[in-house]
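Below is one structure, written out as structure tokens; comments come after it.
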Amino acid sequence: MEIIINDDHQVLAKIVVDSIEAMVRQKPDSVLGVATGSTPIPIYEELTRRVEAGLDLSQIRIFGLDEYVSLDENNAQSYAYFIRQHIIEPCKINPANVRLLSGVAEDLKAEAADFEAAIKAAGGVDLQILGVGHNGHIAFNEPTSSLASRTRRVSLTEKTIEANSRFYNSVDEVPRHAISQGIGTILEARHLVMLAYGEEKGYAVKEMIEGPVSAMMPASALQLHPHVSVLIDEGAAKTLQKADFYKFEWSSKETQTLD
Ligand code: F6R
């Protein structure tokens, strides 16, 4: 696990997008897994700037991580809407190359199976962007999700519902269920890029990096993956025991690029 600590979210976004750009230049039809939420927004803004400067993303393929059950793509709270607004349109991605989970599919089991098959048919995800919830969830895999779980319908915890209510008029409007890639599905991506900002993520970050691997802390499953980059700010890094060591490792690298 490579850990990069920097308080400048723009600098971190540039490091991630450098990695995406290098990947796309080498493999124009790379498969990019995208997270929604506040944390990765600077990455999508930086990616947009690169596209405006000439980077061609017309061949890349996109997979989403999760979606609320019952919200369709035209609902402004849906993750499909977010992905269209922040990634597909500004980065000029071909909509035919995008596969997101549908929260309004009649048969969610069939939707999940079809989604998994689509990832397989694409040759797997090359780089997966991830965020982490305060309780350690990744995608919508809440604590106690199996570390081997696959894409499926899941229930959201009170903590997640409360955190997401900031985007709604009232907490009662927040959907209680989602369809989400499983932890086992996520672990099959070739490179996982996790971002977490602010002291309120400190507990999840500490447990993800330095805690035991446990279904109670879904993000700790990243310890089982051979190629993980974690980009965090000082707030999120505050309670790490070995922060100085991670800083030393990064600063002593020949180039400031992700492994
Ligand atoms: C979103 C997702 C979630 C978020 C997490 C952090 O697609 O998978 O796991 O990454 O809830 O969200 P933010 O970045 O808003 O703090």
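Every residue gets a Cβ built from N, Cα and C, even glycine.
What TrEMBL records for 11-223 is domain 'Glucosamine/galactosamine-6-phosphate isomerase'.
Within 10 Å of the C-beta of ASP66 (active site, proton acceptor) there are 21 other C-beta atoms, taking all protein chains into account. Taken from TrEMBL, the feature active site, proton acceptor covers ASP66 (among others).
ASN135 (active site, for ring-opening step) carries neither a helix nor a strand DSSP state and counts as coil. The Cβ of ASN135 (active site, for ring-opening step) has GLU142, PRO143, THR157, LYS159, THR160, ALA204 as same-chain neighbours under 8 Å, each 6 or more residues away in sequence. The active site, for ring-opening step feature in TrEMBL is assigned to ASN135 (among others).
The Cβ of HIS137 (active site, proton acceptor) lies under 8 Å from the Cβ of PRO143, SER145, THR157, THR160, PRO218, ALA219, each on the same chain and at least six residues away in sequence. The active site, proton acceptor annotation in TrEMBL covers HIS137 (among others).
All protein chains considered, the CB of GLU142 (active site, for ring-opening step) has 22 other CB atoms within 10 Å. Feature annotation from TrEMBL assigns active site, for ring-opening step to GLU142 (among others).
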Ask   = According to DSSP, which of helix, strand or coil covers GLU142 (active site, for ring-opening step)?
value = coil
Request  = Would you report the average pLDDT that the model assigns to the domain 'Glucosamine/galactosamine-6-phosphate isomerase' (11-223)?
outcome  = 97
Task = Filter the active-site residues ASP66, ASN135, GLU142 down to those with CB closer than 6 A to an atom of ligand 1; keep them in sequence order.
result = ASP66
